[in-house]
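S.K.: Straight from TrEMBL, here's the annotation block:
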- 15-44: transmembrane segment (TRANSMEM)
- 65-86: transmembrane segment (TRANSMEM)
- 106-127: transmembrane segment (TRANSMEM)
- 147-167: transmembrane segment (TRANSMEM)
- 173-193: transmembrane segment (TRANSMEM)
């Protein structure tokens, strides 16, 4: 499962970056904002997920795998929501003038950040949610984090390569996002049906 999650995460980063370039301009600040917000969302999501999962499990008496499945649904929804938010943001920015003006860059950073942060935050929650599930199920606790991290890292690496070399060329941006969403929704179904 974590292989697919890593694959989809990097797929989104690549596609969202390409759509951001198309919507807001191919300039270094746009690249910096997308990558920075992506990493900020991952780190804050991981921190918050780790802090909240013990409370959530106790409060609603559900397995951590349910929360993992719900996070995958949120991530998959980002495949469809983010491009529309970028388009809406682009229409707001058009009257602001030149692409390299301070005002344009400031507001484009706000729009980009607000558009992708919630979904990156959800991606960050997947580590603590899955680790909590592994602890619940007693599946080789000593090495489980290493194997989860390895699977996610390999998935992310292959997601980067396959997305840039094959998926975008054969499917286009929109269908590649749908492919990623299919992966996230499939993981969610597996988790929620257990």
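Backbone N, Cα and C define each Cβ position, glycine as well.
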S.K.: Are there three or more C-beta pairs under 8 angstroms joining the transmembrane segment (173-193) and the transmembrane segment (65-86), sequence spacing 6 or more?
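M.R.: Contact confirmed: at least 3 Cβ pairs fall under 8 Å.
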S.K.: Against the transmembrane segment (15-44), which of these stretches has the most C-beta pairs under 8 Å: 106-127, 147-167, 173-193?
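M.R.: Of the candidates 106-127, 147-167, 173-193, 106-127 scores highest.
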S.K.: Could you pull out which residues elsewhere in the chain have a CB under 8 Å from any CB of the transmembrane segment (106-127), counting only those six or more residues past its ends?
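M.R.: Contacts with the transmembrane segment (106-127): 2, 5, 9, 12, 16, 20, 24-25, 29-30, 33-34, 37-50, 67-68, 71-72, 74-75, 77-78, 81-82, 85-86, 89, 92-93, 96, 148, 152.
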S.K.: Below 8 angstroms Cβ to Cβ, which residues of this chain, lying six or more residues outside the transmembrane segment (147-167), approach it?
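M.R.: Same-chain contacts beyond the ends: 2-11, 14-15, 127, 130-131, 134, 140, 176, 179.
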